[in-house]
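To keep things clear, I will list the structure first and then write my remarks on it.
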Amino acid sequence: MAKGSAAMAAAAAAVLALAALLCAPAAAELARLEHPAKNDGSLSLLVVGDWGRKGTYNQSRVAEQMGKVGEQLGIDFVVSTGDNFYENGLTGTDDQAFEQSFTDIYTAKSLQKPWYLVLGNHDYRGDVLAQLSPVLRKIDSRFICMRSFIVNAEIVDFFFVDTTPFQLKYWTHPKDDHYDWRGVAPREKYLANLLKDLDEAMRKSTATWKIAVGHHTMRSVSDHGDTKELLQLLLPVLQANGIDFYINGHDHCLEHISSKNSPIQYFTSGGGSKAWRGVFQPNEDNAEFFYDGQGFMSLQLDHNQAEFTFYDVNGNVLYQYTQSSLRKTSHLQPSGYATEE
């Protein structure tokens, strides 16, 4: 327990020191946080997305089961795949929704670990700088939210990617929604810098596992489907650098997709609250698992294998997938950078 508290404090301190980077477009080396693995070198974590609804739409029930599973697995931290606060992010650092949707919901002892979070499109509809502010960590030190960053946990490097700016429609056809593009505009420069930073960081990684985390789907058979901008711009960087898994939210479901033209496995964990959209649209990829309801995911890693498990709102195991680490040392080819047509 003391070790967990020390790790959380160390991670929070590291983020505070990097707070000045949060408001600026990516233009330098990505912020990197260190999180120790267990004494045996293994790592356990939970992944949840699309949750911030002040406990409604079964958010509280999902949180309860997360607490139980978290205790069973002795988790090291939690990953959020974004859309942390509905419907329109936070209004400021004093928005009570922060505590009503986060602090007051995820109360289990096992969940009092660092939470590493990316922003979703609904978060961008509010005050983004507030959600990135160190002020929130003074309210709840678990909350570590940045645009794009790296968490190194010894055997694995997690590359957290700010995917909302990739989607062109948010810029050109926002409808009645307002997006907070401070620190992001102009889009083309921001994305070019981000892709360059990610490529360099991924290429330098010597971790057994490489995992990318974003909010938006790259491959999905649910409501939002594939995100063409991510397939065109981000996927080539992931492929060129041997990324093993891409984990996302956005679609309010649980799914595992394997692509026919890439070894990368795609996992959606977006069932943190409102779900049951009733949309299933098969595509050319292989839908290994799909569940159109609330729930969350666990991930257990060691040097030899990665095990993914999906749970429903009652804590029932819905699906498990295990992959062995067969990484071979080889020269990774330069990715180049795709441009939009």
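Even glycines carry a Cβ here, placed using N, Cα and C.
The signal peptide annotation in TrEMBL covers 1-28. Per TrEMBL, the feature domain 'Calcineurin-like phosphoesterase' maps to 45-253. As annotated by TrEMBL, Fe cation 1 binding site applies to D50, D83, Y86, H252. The Fe cation 2 binding site annotation in TrEMBL covers D83, N121, H215, H250.
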**Complete:** One of the binding-site residues N121, H215, H250 has its Cα closest to the Cα of D50 (Fe cation 1 binding site), namely H250
**Neighbour count (Cβ, 10 Å) for H250 (Fe cation 2 binding site)** = 28
**Complete:** Cβ neighbour count (10 Å, all chains) around H215 (Fe cation 2 binding site) is 31
**Asked** Across the domain 'Calcineurin-like phosphoesterase' (45-253), what is the average pLDDT of the model, as a whole number?
**Response** 98
**Asked** How big is the Cα-to-Cα gap, in Å, between H252 (Fe cation 1 binding site) and H215 (Fe cation 2 binding site)?
**Response** 11
**Distance [Cα-Cα, Å, rounded] between Y86 (Fe cation 1 binding site) and N121 (Fe cation 2 binding site)** = 10
**Between D83 (Fe cation 1 binding site) and N121 (Fe cation 2 binding site): CA-CA distance (Å)** = 6
**Request:** Quick one: pull the CA-CA distance for H215 (Fe cation 2 binding site) versus D83 (Fe cation 1 binding site), whole Å only.
**Result:** 8
**Request:** Would you mind reading off the Cα separation of H250 (Fe cation 2 binding site) from D83 (Fe cation 1 binding site), to the nearest angstrom?
**Result:** 7
**Complete:** Cβ neighbour count (10 Å, all chains) around D50 (Fe cation 1 binding site) is 30
**Message:** If I restrict to non-local contacts, at least six residues apart, and a C-beta distance under 8 angstroms, what lies near D83 (Fe cation 1 binding site) in its own chain?
**Reply:** G49, D50, W51, G52, G120, N121, H122, D123, H215, G249, H250, G270
